[in-house]
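According to Swiss-Prot, the protein has these features:
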REGION    1-185  region 'PduON'
REGION    194-336  region 'PduOC'
BINDING   HIS207  heme binding site
BINDING   GLU215, GLN218  Mg(2+) binding site
Amino acid sequence: MAIYTRTGDAGTTSLFTGQRVSKTHPRVEAYGTLDELNAALSLCACAAADENHRTLLEAIQQQLFWFSAELASDSEQPSPKQRYISSEEISALEAAIDRAMARVEPLHSFILPGRCEAASRLHFARTLARRAERRLVELATEVNVRQVLMRYINRLSDCLYALARAEDSDAHQANIIREVSKRYLAACQPPHSKETTPVALSFHDLHQLTRAAVERAQQLQVPVVVSIVDAHGTETVTWRMPDALLVSSELAPKKAWTAVAMKTATHELSDVVQPGAALYGLESHLQGKVVTFGGGYALWRDGILIGGLGISGGSVEQDMDIAQTAIAAINVGTHQ
């Protein structure tokens, strides 16, 4: 079956109602841009990780067919055989916007359009929706355009922005979980060649670490909380000196756990959680369990992670000083 008619070779096209107009007519520009947008939404639906987003995008694509058909008709009389955009579709877009934006953190500056493939495609589709809106405004200066169509296309670009933010947030959270899991699993699986080496923190190690930390804290006249976890992040010792801040009882174990989970000192995480860095959002995604300022150290022996030490109560520099002094008292290192 031939798909060509040759009737458009002279630069004109036929509307649904039979009139022939130039292919540069504002009406053709408007529904032609909607066609571009519809094609872009197919790419978005293929890339979206969220099943609800895919379902919504496919529904929007069907609605754009109705939208285009209405623009491609010169008649203002509704056809009983045709579907039309209504307030119901606008309400569905607004509900989708609210759901998506409830899942993401507020922004206080401009962002690059998309850090994952799905978000990038959605942002691109958003720009096409904006262009379609401009074409529709231009068309409305020449012919009657239902106000509900103007509202729909305006809301659609907002919806695509919200979906892009949600896809970005989900992808970033998944990356963080993968990275943390990778580091944690690596810490829990020592090389086979080291299996017979006594690598766990002994009672003597725990005693020496705690004693050395307390003695250094007393020298600095800083009451602190000392917390030690094993290689699995399980708390083994926590000692609170008299007059130590109550919040330190929360922070010291978190510092020790973070050091084991991330296999690094907590102060070394500061740069990688900044906006735009690989682990940006790590603290919020793990509900505050991760600490990214000084005072937590991973404890290594013979290249194997054996535990973590967390100190809290003084300034960041004092906490790090106390931890380093305690670590020096036993046969462990702070890096693999």
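Cβ from N, Cα, C; glycine included.
Around the Cβ of GLN218 (Mg(2+) binding site), the number of neighbouring Cβ atoms within 10 Å comes to 13. Taken through DSSP, the region 'PduOC' (194-336) splits into 58 helix, 28 strand, 57 coil.
Distance noted between the C-alpha atoms of GLN218 (Mg(2+) binding site) and HIS207 (heme binding site) is 16 Å.
Comparing GLU215 (Mg(2+) binding site) with HIS207 (heme binding site), their Cα atoms are 12 Å apart once rounded. The local packing around HIS207 (heme binding site), expressed as other Cβ atoms within 10 Å of its Cβ over all shown chains, amounts to 12.
Around GLU215 (Mg(2+) binding site), a 10 Å sphere centred on its CB holds 13 further CB atoms from the protein chains shown.
The region 'PduON' (1-185) scores a mean pLDDT of 88 in the predicted structure.
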